[in-house]
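Trainee: Okay, handing you the structure first.
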Amino acid sequence: MNAPLAGIWPWLPLLLTWLAPEVSSSWWYMRATGGSSRVMCDNVPGLVSRQRQLCHRHPDVMRAIGLGVAEWTAECQHQFRQHRWNCNTLDRDHSLFGRVLLRSSRESAFVYAISSAGVVFAITRACSQGELKSCSCDPKKKGTAKDSKGTFDWGGCSDNIDYGIRFARAFVDAKERKGKDARALMNLHNNRAGRKAVKRFLKQECKCHGVSGSCTLRTCWLAMADFRKTGDYLWRKYNGAIQVVMNQDGTGFTVANKRFKKPTKNDLVYFENSPDYCIRDRDAGSPGTAGRVCNLTSRGMDSCEVMCCGRGYDTSRITRMTKCECKFHWCCAVRCQDCLEALDVHTCKAPKSADWAAPT
């Protein structure tokens, strides 16, 4: 081995770590980190000092955030279930999604927004359930108020979403605020859009009091909607995401195509076009669609033509147990038999290239 290279060789893994592009939100890996709060705070790679401080100071909040990761990743996978990129996660990768989010694409915009929303949702819910020392129900919702139906009393436990938003902003945005590059600004914008999305679906719920439920007196509280509403809303924002470029002074965005409107704080923004995700690509972090189940009768993104990228599909027949011949019995039960059902399953063919199965 060449002498100068021999001196560098022991340091090569560290040098590669420094030079490799990085996905900012390493806190996503908190889902996979068990043990005490100290173990979690010290072993999640990539946290900046502010995030570690908050982690050590608020271990109960970190547990809520860690549990919330599973919820928002499941929501991401639900929204992308019929698409070539299906929000698949990598258990052994501290970025959770691998290299696919290194590209400043619409998919990256959605993941940053849904993850930020997930933190708000998880913290706010934990507050209302009395699981956090630093917060409880919304202290501002007290006394009497009015709405279109008349006067009511604040009661019950209103979700303290403002606390959830403040903590999420401090923790999630900490790493991006240390950077001044375009990607950091993109992430901050989409993080904020995600937080705002949760608050958008805060709803007033009421209980009537009076003779025979006459509603002479109402007690009301504010509650977050099911997280699916936030996911559906951000999915619509993903489909309408706006491609942007940095402005000349590097402090904000301008639309890449002048025919499109300027993005609002609720919109998702991105810089780069997405890959087609058709084949496994180590550099792009794309797992490809070989082996994915497709829908032969669909004309949408889950159709065999679109999902398989024109490569064709294989068909296999499987059997599964289903309920059949169900009958209503008085009173009051439905009884069914177990039947075997045969059905065809269509899966995308692999590319003809010999290296398609190379691990990412």
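Numbers run from 1 along the shown chain.
Cβ coordinates are placed from backbone N, Cα and C, and glycine is handled just like the others.
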Trainee: State the disulphide partner of Cys304 as given in Swiss-Prot, choosing from Cys294, Cys309.
Mentor: Cys294
Trainee: Could you identify, going by Swiss-Prot, the member of Cys215, Cys220, Cys348 that forms a disulphide bond with Cys308?
Mentor: Cys348
Trainee: Of the listed cysteines Cys137, Cys157, Cys220, which one does Swiss-Prot record as disulfide-linked to Cys206?
Mentor: Cys220
Trainee: For the disulfide involving Cys137, grab the partner from Cys87, Cys127, Cys157 as Swiss-Prot records it.
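Mentor: Swiss-Prot lists the disulfide between Cys137 and Cys157.
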Trainee: Of the candidates Cys331, Cys332, Cys339, which does Swiss-Prot name as forming a disulfide with Cys324?
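Mentor: Answer per Swiss-Prot: Cys339.
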Trainee: With Cys309 as one half of a disulfide in Swiss-Prot, pick the other half from Cys208, Cys215, Cys278, Cys336.
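Mentor: It is Cys278, per the disulfide annotation in Swiss-Prot.
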Trainee: Cys87 (disulfide bond): which of the recorded positions Cys135, Cys278, Asn295, Cys304, Cys332 is the nearest Cα neighbour?
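Mentor: Nearest candidate: Cys278.
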Trainee: Between the Cα atoms of Cys208 (disulfide bond) and Cys336 (disulfide bond), find the distance and write it as a whole number of Å.
Mentor: 40
Trainee: Hey, does DSSP put Cys208 (disulfide bond) in a helix, a strand, or just coil?
Mentor: strand
Trainee: If one measures from the C-alpha of Cys215 (disulfide bond) to the C-alpha of Cys135 (disulfide bond), what distance in angstrom results, rounded to a whole number?
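Mentor: Cys215 (disulfide bond) and Cys135 (disulfide bond) have their Cα atoms 31 Å apart.
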Trainee: Taking just the CA atoms, what is the gap between Cys304 (disulfide bond) and Asn295 (N-linked glycosylation site) in Å?
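Mentor: Just about 6 Å between their Cα atoms.
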Trainee: Measure the Cβ-based neighbour count of Cys215 (disulfide bond), defined as the other Cβ atoms within 10 Å of its Cβ.
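Mentor: The answer is 15 other Cβ atoms.
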Trainee: Select the most exposed residue of Cys76, Cys309, Cys331, Cys336, where exposure means the fewest other Cβ atoms within 10 Å, treating these as the disulfide-bonded residues.
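Mentor: If we count Cβ atoms within 10 Å for the disulfide-bonded residues Cys76, Cys309, Cys331, Cys336, the smallest count is at Cys331.
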